[in-house]
Amino acid sequence: MLNINGIKRGIVIDHIKPGLGFKIFRELKLDEVDYTTALIKNAPSDKLGTKDLIKIDNEIDLDLDVLGLIDPDLTICIIENEQVVKKIKLALPKAVTGILQCKNPRCITSVEPHVETTFLLVDAATKAYKCEYCNSRTSL
Amino acid sequence: MLKGRHIIESTDLSLEELESLFQLAERIVEAPQRFSDRGRGKILATLFYEPSTRTRFSFEAAMLRLGGQVIGFSEPGSSSAAKGESIGDTIRTVGCYADAAVMRHPKEGAPRLASKFSSIPVINAGDGGHQHPTQTLTDLLTIRRLKGDISNKTIGLCGDLMFGRTVHSLVNALAQYDNLHFVFISPPELTIPPYILEELGSNTYEQTNDLEAVMGKLDILYMTRIQRERFFNEEEYLRLKGYYILDAEKMELAKEDMIVMHPLPRVDEIAPEVDRDPRAVYFQQAKFGMYIRMALIMELLGLGGE
Ligand SMILES: [Zn+2]
């Protein structure tokens with residue numbers, strides 16, 4: 001069982017695919033904050049063999065779309081008074097705005113300034129997305 | 001029913017919406033003069049960021065024949081786009097003056113981007129190698145008008161099936177109909193992409209590089225041009241350009257009621273002698289293109305069917 005001692009109110013990101021913990025840690029800019037955080041790598045896991053996990057001793061807003069793109073299989077646990085009060089399972093977002101870049105050089109998003117790209121999920125199994133503008137496919 | 005909508009991709013219209021659009025277009029074909037007043041007081045903007053005289057004329061003629069008027073530019077050098085204005089700003093400005101806008105752009109997705117900012121209907125008149133929905137509507141109306149209906153046909157598509165966007169969007173649109181057999185005829189270097197084949201629904205297909213061998217079974221032969229700009233190497237282009245040439249001799253192998261279609265302009269792929277054959281319908285096709293655009297403008301502006 002996950003040791004959440006020391007976290008009164010906060011978040012644990014669990015079941016992160018080994019190796020992706022650091023990426024998420026950086027993506028959430030946890031290396032820049034002044035409250036207590038922990039990145040645990042290669043912890044033993046019944047489900048995954050090993051896993052990464054992140055403890056955050058603070059309530060912060062998580063961008064679930066970004067997390068879903070990095071690792072749709074992770075679990076987010078919301079902690080209050082050292083108890084898990086809520087678990088959030090992620091899924092691949094149906095639409096992703098402003099994060100991915102279209103790789104098609106003929107796409108309007110490659111030349112037009114100030115355009116936010118939007119990618120739409122076309123196949124969850126292969127994590128395939130298509131550009132809303134030119135329909136070019138991209139896989140995560 | 002389509003009032004206020006944007007037409008960006010050929011699959012933006014449901015079968016039901018297509019059907020009512022075709023019915024209106026057929027009423028226009030039968031008596032165009034009855035519709036010559038429907039667009040009075042309306043203005044269509046044609047925003048052509050790359051030249052395409054044929055497509056622009058077709059839209060402008062359609063609007064003028066409805067009694068409406070046209071403003072626009074036919075190449076970006078003469079427009080505010082040359083001064084670096086964004087598409088969003090251009091379309092919002094145009095929306096102050098015009099009732100609908102037609103956009104041709106070399107970059108894929110530009111009309112979709114315009115539609116996000118636009119207060120008036122945006123019609124995609126070709127965006128790079130991506131979509132050209134009114135060409136597809138033209139092709140469907142031509143088949144329906146000359147062959148009675150669209151289902152239950154053997155349809156040959158011949159030429160550059162790899163890069164030809166006209167073929168891709170036509171096949172996508174046809175795939176919604178029933179009991180079609182597609183015959184994809186191309187040089188081995190220019191075969192149709194697998195993702196198009198995956199979306200044929202319940203319809204069947206075969207692939208070949210031998211036009212003469214399949215000629216006799218076709219109800220429709222859709223010829224396309226091999227485009228120079230798709231090739232890095234001039235020799236390769238010249239070799240593939242001459243791969244298929246439809247001539248009178250090959251036409252003898254075809255059914256008596258087969259029709260030959262072509263999106264135009266043609267280069268060498270149809271010999272001029274074929275023009276005299278009543279089965280060659282590509283110039284009629286261009287006329288249907290104007291009628292379907294009249295119908296589309298009427299629907300998008302809510303100018304009433306009857
Ligand atoms: Zn794109």
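Glycine is no exception: its Cβ is also placed from the backbone N, Cα and C atoms.
Among the features that TrEMBL reports, domain 'Aspartate/ornithine carbamoyltransferase carbamoyl-P binding' is placed at B:5-144. Across the residues of the domain 'Aspartate/ornithine carbamoyltransferase carbamoyl-P binding' (B:5-144), the predicted structure has a mean pLDDT of 94.
Here TrEMBL flags B:R54, B:T55, B:R104, B:H132, B:Q135, B:L264, B:P265 as carbamoyl phosphate binding site. Counting Cβ atoms from all protein chains shown, B:Q135 (carbamoyl phosphate binding site) has 23 others lying within 10 Å of its own Cβ.
Per TrEMBL, L-aspartate binding site is recorded for B:K83, B:R165, B:R225. Taken residue by residue with DSSP, B:K83 (L-aspartate binding site) is part of a helix.
The annotation domain 'Aspartate/ornithine carbamoyltransferase Asp/Orn-binding' is assigned in TrEMBL to B:152-298. For the domain 'Aspartate/ornithine carbamoyltransferase Asp/Orn-binding' (B:152-298), residue counts in helix, strand and coil come to 61 helix, 25 strand, 61 coil, using DSSP.
Least crowded of the binding-site residues (B:R54, B:R104, B:H132, B:R165, B:R225), judged by neighbouring Cβ atoms within 10 Å of its own Cβ: B:R54. Mapped onto DSSP helix, strand and coil, the domain 'Aspartate/ornithine carbamoyltransferase carbamoyl-P binding' (B:5-144) counts 74 helix, 26 strand, 40 coil. Within 10 Å of the C-beta of B:L264 (carbamoyl phosphate binding site) we count 14 further C-beta atoms, all protein chains included. Annotated pair B:P265 (carbamoyl phosphate binding site) and B:R165 (L-aspartate binding site), C-alpha to C-alpha distance, rounded: 14 Å.
Listed in chain order, the extra residues whose Cβ falls within 8 Å of the Cβ center of the carbamoyl phosphate site residues B:R54, B:T55, B:R104, B:H132, B:Q135, B:L264, B:P265 are B:S52, B:S58, B:A125, B:G126, B:P263. Geometry remark: B:R165 (L-aspartate binding site) versus B:H132 (carbamoyl phosphate binding site), CA distance 8 Å.
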